[in-house]
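Here is the structure we will look at.
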Amino acid sequence: MIIRSPEPEVKILVDRDPIKTSFEEWAKPGHFSRTIAKGPDTTTWIWNLHADAHDFDSHTNDLEEISRKVFSAHFGQLSIIFLWLSGMYFHGARFSNYEAWLSDPTHIRPSAQVVWPIVGQEILNGDVGGGFRGIQITSGFFQIWRASGITSELQLYCTAIGALVFAALMLFAGWFHYHKAAPKLAWFQDVESMLNHHLTGLLGLGSLSWAGHQIHVSLPINQFLNAAVDPKEIPLPHEFILNRDLLAQLYPSFAEGATPFFTLNWSKYAEFLTFRGGLDPVTGGLWLTDIIHHHLAIAILFLIAGHMYRTNWGIGHSIKDILEAHKGPFTGQGHKGLYEILTTSWHAQLSINLAMLGSLTIVVAHHMYSMPPYPYLATDYGTQLSLFTHHMWIGGFLIVGAAAHAAIFMVRDYDPTIRYNDLLDRVLRHRDAIISHLNWVCIFLGFHSFGLYIHNDTMSALGRPQDMFSDTAIQLQPVFAQWIQNTHALAPGTTAPGATTSTSLTWGGDNLVAVGGKVALLPIPLGTADFLVHHIHAFTIHVTVLILLKGVLFARSSRLIPDKANLGFRFPCDGPGRGGTCQVSAWDHVFLGLFWMYNSISVVIFHFSWKMQSDVWGSISDQGIVNHITGGNFAQSSITINGWLRDFLWAQASQVIQSYGSSLSAYGLFFLGAHFVWAFSLMFLFSGRGYWQELIESIVWAHNKLKVAPATQPRALSIVQGRAVGVTHYLLGGIATTWAFFLARIIAVG
C-alpha cells in the first residue's frame, strides 16, 4: 500500500463578476466619493475631484478592493506606455530619416518630426544632413533601433502596430481583472509566488529572450552594418532565425548548434559571448558581444533566483522567516513585523520600490555616458546630454515619491500599538538624534563647500590667484576618487584577467575612442574643481534627505503637535488659534523636499554638461590632437561662483538667446516661456489665500451687478492647493528652461 501525503487543496484565487460594468456610473463625476458625487457648490470641488480620484484609500477601507483598483490601474498605465511607444515607432516609420541615418550615422543627424508650414514654422525644420529637413531628436531611439537590428521603416511600422495591439490588450486586461475576474486579497499577498514568477518570467526569461534576439538577429545585422553593407542587402531577421547556415558564415561555431552547450565545451561560443571591456572603435558603443554575454549571465542568475522561494512544494525560502531571523546585537526585534507591514500597506511597499527604482535610474544616467550601450550614441552629444538629464530628473522625482509614500504609510497604515522594539520603532524612538545630527551635517557641508567657492571668488577679485584653491595653486585633489579610477583602470590583467580593456574608458589609461572625427569617450581627469562641486552635491543631497526624512519620522507626532496623525497626511496648520503650526504636515515636507531635489539635480546636470564639453567632447585632428568644445576651461573657471555664472550659464546661453530666426528658434521661445511659467509659480508661493479671496469677492460683486454671476461659488485655492500649483509650475518651468538651454547649446556646438 502506498501512503500519499494529502494533495494541497487548489485555492480559488479570483472572484467572478464582482463589480458590474456601468457607463452610467463612470459618467458621473466623483462617483467614488459621496461628498464629491453631490456636485459642485464652490470651485473647490474640481480640485477635490482631481486630488481624490486616484487616492483609492479615500474611496474605501477594504484592502482587497484597494488592491484590485491599483492592479487594474497598472494595466491602464501599461496601455498608455504601449500607446506612447507605438507613437515613437510610428514617427520613426512615417516622419523620420532613419534609413538615411542608418547608411551614414556620422554625418546625418537623427530627425523624426517635420513641422508643417503654418505661419512660417517651417523654419524649425533644420538641415540634418542627407538632404533631409526636420527637427533633430535627442531621445536615442535611432541608436536603440540600430542596436536591435531594425533596418527599415517598414519594420518600425509593424512594431508600431504591434504596440497598439498590446495597448488594447492591456486596456482589456485592466477591465477584465476588475469587473470579470478580480483577484482575491490572498493572491496579492502571496509574495513568494510573486517573487518566483517575476524573477523567473520578467527578469530571467525576459533577459534570456533578449539575449537570444541579440545573438540571432542583432549581432549578424550589426556586423553587416558595421561593414558598410547597404541595409537593403542585409537578410531579414527571420532569415537569420530560420537558416542557421547564414549565421554560421559569420560565426562558424553556429554550425555545431547546441552540442557544445550540452558537452560543456562552452569556449566554442567565445566568438559571440565575449568579455572584452571598452568600446567598439567602429560605433563608439559597448561591444555587442559583451552585451549579449551580460544578458545571458543575468538570465541565468534570475532563473536561479526565481526558484528560491517556498510555494506549494514546501521547499525554499520563506520571506517572513528571513525577515524575522534578521536580528543583530543592537537591533532589538529586528525586522519582526515587517512582513505584515509590507503585505498590508501598499504605501510601504511602494515607498521601498520607489527608493530603489529612483536610485537605479540615477545609476542608469551615469552608465549611459560612461558605458554607452548603443552604436553611435557616444558621438551624438545632444542625445548623451538629454539622456543624462532625463534620467537624473526622473530619479530625483522617484526618490521624493519614496519619501511621500513612506510618510503616507506612517500616517495611514502604521499601527504603533502592535509595533514594539523592532527596527522601525527603534528608529522612531531616536529620531531626534538622527535629525539633529543630519542637520549638523547639512550646516557643516553647506558652510564649508560654499565657503571654498567664496574664498576663491574673494581671492580672484583681489587679484591673488596664488591663494586660490585650484589645480595650479592650493590643490584639493579628490584622492579617493582618483584611487578608485586608478584601481579600475588597472583591473584588466589583474582582477579581471579575461578582459582586454577596463569596464569604462573614463577610469583612465591612454585609450581614446573617436568615431568620424568626434570623441566618443576618453579618460576623465578629476581635479580640484570636481572636488569643490562634489561637496556641493553632498550638501544639496543631505539637505534633501534631511527634509524628507524629517517628514517621515515626524509624520505621526512631534513635540509641537503630538496628535499629528489625527490631522492626516496633508493639512495647512494645526487648526485656528494655534500659531506657528503651519507647514508641518508630511505633505509639506514633500513639498519642501521637491525644491531641494530640484537644487540637487540642477547642480548635477550643470556639472555634467560643462565637464563633458570641457574635458571629453570635441573633435580630433588627423594628428590625434583633441580639440574640446570649451577648450578644457572647467578646471580653472568652475572654481568660483563667478566662473559658473560667467563661463557656464551666461557664455553657454548665447546659443539659446540668439536662436531667433534659426531652426533652433523654438528653443529660444521655450526658454522665454518656461522662464515665465517658473515666475508664475512665485505668485502662488508668495501670496496667501486671503489676498485672493478678497479679490474674488470684488470680482463676484461685479458679476452680480451685471447679473452674470455663476451658480458655483468661486473660492480661492486652499493653502495646500496653492502650494501644489506653485511647486508644479516652479519645477516644470525650471526643467523646461534648462532643457531649452541645454539643447540649443549642444545642437549648435555639438
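Including glycine, each Cβ sits where the backbone N, Cα and C put it.
From the options 95-119, 195-219, 470-494, the stretch Swiss-Prot describes as transmembrane segment is 195-219.
Fewest Cβ neighbours within 10 Å among the binding-site residues Y691, W692: that distinction goes to Y691.
Taking the Cα of W692 (phylloquinone binding site) as the reference point, the closest of the binding-site residues C573, C582, H675, M683 is M683. Sequence-distant contacts of the transmembrane segment (664-686) (same chain, at least 6 residues past either end, Cβ-Cβ under 8 Å): 123-124, 126, 135, 655-658, 717, 722-723, 725-730, 732-737, 739-741, 743-744, 747-748. Over all protein chains present, the Cβ of M683 (chlorophyll a binding site) has 13 other Cβ atoms lying within 10 Å. Here the CA atom of M683 (chlorophyll a binding site) lies 13 Å from the CA atom of H675 (chlorophyll a' binding site). Taking the C-alpha positions, the distance from C582 ([4Fe-4S] cluster binding site) to Y691 (chlorophyll a binding site) comes to 18 Å. Between the binding-site residues C573, C582, the minimum number of other C-beta atoms within 10 Å of a residue's C-beta occurs at C582. Between the CA atoms of M683 (chlorophyll a binding site) and C573 ([4Fe-4S] cluster binding site) there is a gap of 21 Å. Across 70-93, 195-219, 291-309, 385-411, the stretch most heavily in contact with the transmembrane segment (156-179), judged by Cβ pairs under 8 Å, is 70-93.
Note: the stretches the transmembrane segment (291-309) and the transmembrane segment (346-369) are not in contact (fewer than 3 CB pairs below 8 A, sequence gap of 6 or more).
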